[in-house]
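Sharing the record's features from TrEMBL:
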type	residues	note
DOMAIN	2-77	domain 'Lipoyl-binding'
REGION	79-228	region 'Disordered'
COMPBIAS	114-141	compositional bias 'Basic and acidic residues'
DOMAIN	144-181	domain 'Peripheral subunit-binding (PSBD)'
COMPBIAS	152-162	compositional bias 'Basic and acidic residues'
COMPBIAS	189-212	compositional bias 'Basic and acidic residues'
Amino acid sequence: MTQSFKLPDLGEGIHEGEVTAVTVSEGDRVEEGDVILEIETDKAAVEIPSPVTGTVVEIRVKAGDVVKVGDVLMTFDTAAASETEEPEASGERDASSGAKPSKKSEADEQSAEEPDKPSREEKEDKAADKTDEGRPRDRKGPVPASPATRRLAREMEIDLHEVTPTGRGGVVTADDVRRHADAGGTAAREGKKTEKAPEKPEAAPDRSEAPEQPRPLSADAPDLPDFSRWGEVERVPVRSIRRATARQMAVAWSRIPHVTTTDMVDITDLEAFRRKHKQKIAEQDGHLSLTVFVLKALVSALKRFPYFNSSLDAASGELILKRYYHIGVAVDTEDGLIVPVLRNVDRKSLTQIAVELKGLVDKTRNRKIAVEELQGGTFTVTNTGGSGGTLFVPIVNHPQAAILGMGRAGMAPVVHTLPSGRHEIVPRLMMPIILTMDHRILDGGDASRFLATVTAALADPEELFLTG
């Protein structure tokens, strides 16, 4: 039988994505769970797994297409898979049971016996097994989950269909998988094969229309002149991440009254400390960058000035003060700026921050970052020093209250006061830091005091390291 595969709900309000790669060809045989497409959404690059075992009959998309949830992406022939799996069962099938063969796990291959038919009691137990809001789990299609969550489930031998989702839109998160394992895990992981094989999905209605075109960046975009009147032009499509950035920046700039203040930080001692310890951190697969120290210094400032760790609920006229410290770090990638979130920075040492931040940056640049790793930030840091920029004005990452920028550090003459009261000019390594904030929540005095706290923390790296 043939089966059409539609783009599933990816959660987090994601309605469309751009196809960046088609990893199979028509006529290829695929196994359930094999990656067949890579799609770039507003949040991240997502690997789309095959929902069935079978042969690819038709591919309806190509790299560069923008597809929406519900669009038909491929058509599979699952008949061949059923015929090859049928003889593997050792006993005769009960025709009245209605059970269909499913893809065998490693435990299945070690035993040729077909699972027993569930008893009435077992059926009642399974009927009680519901997802959120009392709805039974749908075992007919792929479970909405990020590639990282799927890999974790495979490593722990957890069936995602059995995991209760807590993510928005029914998305299964990595924490959901871990909780499921702690609660007893999947029967398959324990070698118990009592569950009836899931029925194969019904064929989706055929849709012949082409994927819809991407939505405009702005509903009230002004008309442009015909630039080709003056010379040769080329139109390049704006990809998903850049479109998301454009929309987010437009929202932030139009809704938030921005105020920016700057300061210079003497990081001479900090840089010496960083060079002294960077090899030790590298041996633990971490990277001791200046951003690591800034993240740690920010925690003390955010605790002292909690309004910088808040969001304004304009509808209710309230400030939402967050008692957790999840700091986003802007990462420059070939696809645009992506902001993974380092969680619970206040509970981590400098070493832990260095190791975890390196892992997040590597996954982001390798397009392996999970959607849930881009969510929940309470404050953002962006560092353009490596690109050569001395000063810049970052835009607040709505709905956060502020963002801290790090410019390029350089040697500068600084006047020092000696104990005798005399002055001397000495060369020091100075780094500009830039704080942009939501003026509806914070004022200039708040910004000055916040930066003074960050500066004081960065001025004593030994103490910063020990308190971590």
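From the backbone N, Cα and C atoms, a Cβ is placed for every residue, glycine too.
Automated prediction, rather than curation, is the source of TrEMBL annotations.
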If you average per-residue pLDDT over the domain 'Peripheral subunit-binding (PSBD)' (144-181), what number do you get?
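It averages 76.
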Could you put numbers on the helix, strand and coil content of the domain 'Lipoyl-binding' (2-77), residue by residue per DSSP?
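Once the DSSP states are binned, the domain 'Lipoyl-binding' (2-77) shows 0 helix, 40 strand, 36 coil.
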Would you list the DSSP helix, strand and coil counts for the residues of the compositional bias 'Basic and acidic residues' (152-162)?
7 helix, 0 strand, 4 coil
